[in-house]
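Asker: I grabbed these lines from Swiss-Prot:
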BINDING   33-57  NAD(+) binding site
BINDING   Ser164  substrate binding site
ACT_SITE  Tyr176  active site, proton acceptor
TRANSMEM  289-308  transmembrane segment
Amino acid sequence: MWLYLLALVGLWNLLRLFRERKVVSHLQDKYVFITGCDSGFGNLLARQLDRRGMRVLAACLTEKGAEQLRSKTSDRLETVILDVTKTESIVAATQWVKERVGNTGLWGLVNNAGISGHLGPNEWMNKQNIASVLDVNLLGMIEVTLSTVPLVRKARGRVVNVASIAGRLSFCGGGYCISKYGVEAFSDSLRRELSYFGVKVAIVEPGFFRTDVTNGVTLSSNFQMLWDQTSSEVREVYGENYLASYLKMLNGLDQRCNKDLSLVTDCMEHALTSCHPRTRYSAGWDAKFFYLPMSYLPTFLVDALFYWTSPKPEKAL
């Protein structure tokens, strides 16, 4: 009985592997628009697709980032300045993309731009601390998608949205996890709606990788800022030891993160170039073998694990 079951599982995986290896034809004629290309996943993906001969339209936040990217790629790659929090910037970038793709449409949209913002207890936050992250990671992503999706539909192309394993498990307070849960929900509804037009939507859920999002200096500085802005009553409840423990954890975060960003960009590339892309990609061994399985556990077990492994407030019961 068990041997038959194992054989069926093995056969299924072989068939899936064979099916997923089939590549889309005429990649050199396909346009891909990527946000957040100054550094990290977006920067590496832009260079990766450029090497494959695709027509990369890379959106950067700064001119410096755009210049550095152009210096490392072929003349095929083009850059545009885009701030996903500003409607006028999105409108201008969309028009720029439309002028380049013409009647062929846009084969791929990769929503990669994102920030970590302030991470910490929700009680320490104000509305702006959370809204500033949602503006980039969620609302900006949605507006870019709504603006460019007619071009993607014309090409019967792909939308690739970068979520996170933090869209499956809420590790901490603040806007980051909220935004990534939102990316998951928006992508699920978008995938079903666009399936009628031959458009495929994929979600990439990276684990912990060494990028600007996991920069320990930035995260600990933002955490200290939260501590300084909260009331004396709240500081008394949490205590200095809690602050020190959390700062130590954040300062060492990037050292514990995976440096091989290609584990993520390979998933993005597959979603754009495979005839049969996956709906979801878990990128990184921590995501595949720890955080994703953990997300399927009963809630009380997940809560208990976080309770026993997280810093404790001074006035905790």
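Cβ from N, Cα, C; glycine included.
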Asker: Hey, how far is Tyr176 (active site, proton acceptor) from Leu57 (NAD(+) binding site), Cα to Cα, in Å?
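Answerer: On Cα coordinates alone, these residues lie 26 Å apart.
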Asker: Using C-alpha atoms only, work out the spacing between Phe41 (NAD(+) binding site) and Ser164 (substrate binding site) and round it to an integer in Å.
Answerer: 12
Asker: Could you state the CA-to-CA distance between Phe33 (NAD(+) binding site) and Ser164 (substrate binding site) to the nearest Å?
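Answerer: Cα to Cα, Phe33 (NAD(+) binding site) and Ser164 (substrate binding site) are separated by 20 Å.
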Asker: Could you find out if DSSP has Leu57 (NAD(+) binding site) as helix, strand or coil?
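Answerer: Where Leu57 (NAD(+) binding site) sits, the three-state DSSP reduction gives strand.
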Asker: Hey, what's the Cβ neighbour count for Cys37 (NAD(+) binding site) at 10 Å?
Answerer: 31
Asker: Name the residue among the binding-site residues Leu45, Leu57 whose Cβ has the smallest number of other Cβ atoms within 10 Å.
Answerer: Leu57
Asker: In whole Å, how far does the CA atom of Leu49 (NAD(+) binding site) lie from that of Ser164 (substrate binding site)?
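Answerer: So the Cα of Ser164 (substrate binding site) lies 22 Å away from that of Leu49 (NAD(+) binding site).
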